Amino acid sequence: MKSLSMLIKPASSNCNLRCTYCFYYDICNNREIKSFGMMKLNLLETIVKRAFNEAEQNCTFAFQGGEPTLVGIDFYREFINFVKKYNTRNINVFYSIQTNGTTINEDWAKFFKENNFLVGISLDGTKEIHDKYRLDANKKGSFNKIMTNIKILNRYKVEYNILTVVNKNTSRHIDKIYKFFKKQDFRFLQFIPCLDPINDPRESHPYSLNPKDYETFLNKLFDLWFKDFLDGRFVSIRYFDDLLSILLGNNPKSCCMNGFCSCEFVIESDGSVYPCDFYVLDEYKIGYIEEKTFSELFNSNVTKNFIDSSLNHDVKCKNCNWYPLCRSGCRRNKEPNFPNGTNDNIFCESFKSFFEKNISKLTYVAKTLAYRQH
């Protein structure tokens with residue numbers, strides 16, 4: 001494999017927070033074993049060894065959870081030792097970790113900096129907005145702790161971005177959220193739509209994001225972002241970055257904008273492997289990393305069926321003027337009906353409205369960026 005990326009869950013579904021809308025909590029409650037416990041070091045070594053046996057040019061290790069820091073910092077120190085041991089061909093290696101930010105201290109910050117980790121911090125906005133759903137086991141908010149720890153990251157000059165879940169509440173306060181992020185000088189942002197539990201009817205929870213709210217959110221966020229762009233302050237917002245990449249003839253970074261699913265090689269703490277973080281379910285298990293190579297896992301029938309099923313887009317979808325930008329969106333946003341029944345993305349009308357309103361401005365930004373690069 002020229003490039004190999006994997007998503008490792010060293011603490012399985014274990015987490016020190018109890019976020020109301022957590023999609024992985026829902027996932028683990030829909031499989032036979034909710035938590036596989038903490039990953040053993042011999043399994044971690046196997047993962048690293050297999051990765052460098054197969055990666056030819058680039059290798060990316062992403063850590064998520066649950067809360068991946070719960071496994072302890074020594075686990076990651078050993079991980080770096082394994083990388084040094086097995087990367088005998090000196091291929092390019094990239095590290096990232098997605099954390100709720102509550103456990104970060106000076107040791108973690110120093111480690112991230114020394115080893116060039118890109119850190120994703122989950123933060124939903126101001127204290128009032130964030131603490132509505134991102135609570136600990138005692139139902140207390142996590143905002144204050146996270147903001148304190150972000151200051152530690154800043155002090156060590158750790159590279160990080162902010163990940164915000166767009167739920168009903170955050171979608172209606174994007175002006176306040178964006179203003180707050182701007183005040184904190186957060187320049188790299190991701191906004192991901194909140195997912196309803198996989199077997200529940202759409203929009204059946206207080207936090208559920210409906211298409212109209214998402215449409216309003218996208219339009220307001222774009223207006224704020226575009227104004228900053230005109231004022232000479234470019235903020236990286238993952239979704240807008242991907243749209244600009246497509247307009248400039250490049251590939252988006254987000255898998256949901258490719259028009260088909262890929263295999264993310266999600267590795268749970270027991271070594272079981274799955275094609276996607278949204279489908280770490282028993283029926284989507286590809287196999288075990290201790291028993292199969294990455295190539296064998298990729299060529300399995302489960303992986304093939306998962307990818308092939310994502311290629312079935314409605315004719316009306318393919319004929320839509322905005323298909324080249326939308327590309328049908330994330331498969332998970334077509335549940336619970338996908339792959340049988342309707343194939344509509346729940347946010348189809350949201351995207352249509354957004355593109356119709358903002359395509360000329362998006363094109364202007366793309367052309368401006370292209371001009372600056374020459």
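Glycine too: its Cβ is placed from the backbone N, Cα and C atoms.
Listed in Swiss-Prot for this protein:
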| type | residues | note |
| --- | --- | --- |
| ACT_SITE | ASP277 | active site, proton acceptor |
| BINDING | TYR21, GLY66, SER122, ARG134, LEU195 | S-adenosyl-L-methionine binding site |
| BINDING | CYS317, CYS320, CYS326, CYS348 | [4Fe-4S] cluster 3 binding site |
| DOMAIN | 1-227 | domain 'Radical SAM core' |
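What Swiss-Prot annotates, mapped onto the structure for a quick look.
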residue : record                               : Cβ contacts under 8 Å, 6 or more apart
TYR21   : S-adenosyl-L-methionine binding site : TYR133, VAL165, ASN167, CYS194, LEU195, HIS205, TYR207
GLY66   : S-adenosyl-L-methionine binding site : LYS9, ALA11, SER12, SER13, ASN14, CYS15, TYR24, SER35
SER122  : S-adenosyl-L-methionine binding site : GLN98, THR99, ASN100, GLY101, ARG134, LEU163, THR164, VAL165
ASP277  : active site, proton acceptor         : LEU7, TYR24, GLN64, GLU264, VAL266
CYS320  : [4Fe-4S] cluster 3 binding site      : CYS326, LYS352
CYS348  : [4Fe-4S] cluster 3 binding site      : PRO211, CYS317, CYS326, GLY329
Handout entry: Lowest local Cβ density (other Cβ within 10 Å) among binding-site residues: LEU195, CYS317
Key = CYS317
Handout entry: Local Cβ density at CYS326 ([4Fe-4S] cluster 3 binding site) - other Cβ atoms counted within 10 Å
Key = 22
Fill in the blank from the handout: Not counting CYS317, CYS320, CYS326, CYS348, residues with a CB within 8 A of the CB centroid of the [4Fe-4S] cluster 3 site are ASP314, LYS316, TRP322, TYR323, SER328, GLY329, ASN345, PHE351, LYS352
Fill in the blank from the handout: Taken over the domain 'Radical SAM core' (1-227), the predicted model's pLDDT averages 98
Problem - Residues TYR21, GLY66, SER122, ARG134, LEU195 [recorded S-adenosyl-L-methionine binders]: greatest CA to CA distance in Å - result: 16
Problem - CYS348 ([4Fe-4S] cluster 3 binding site) - helix vs strand vs coil (DSSP) - result: helix
Completion exercise
For SER122 (S-adenosyl-L-methionine binding site), the three-state DSSP class is strand
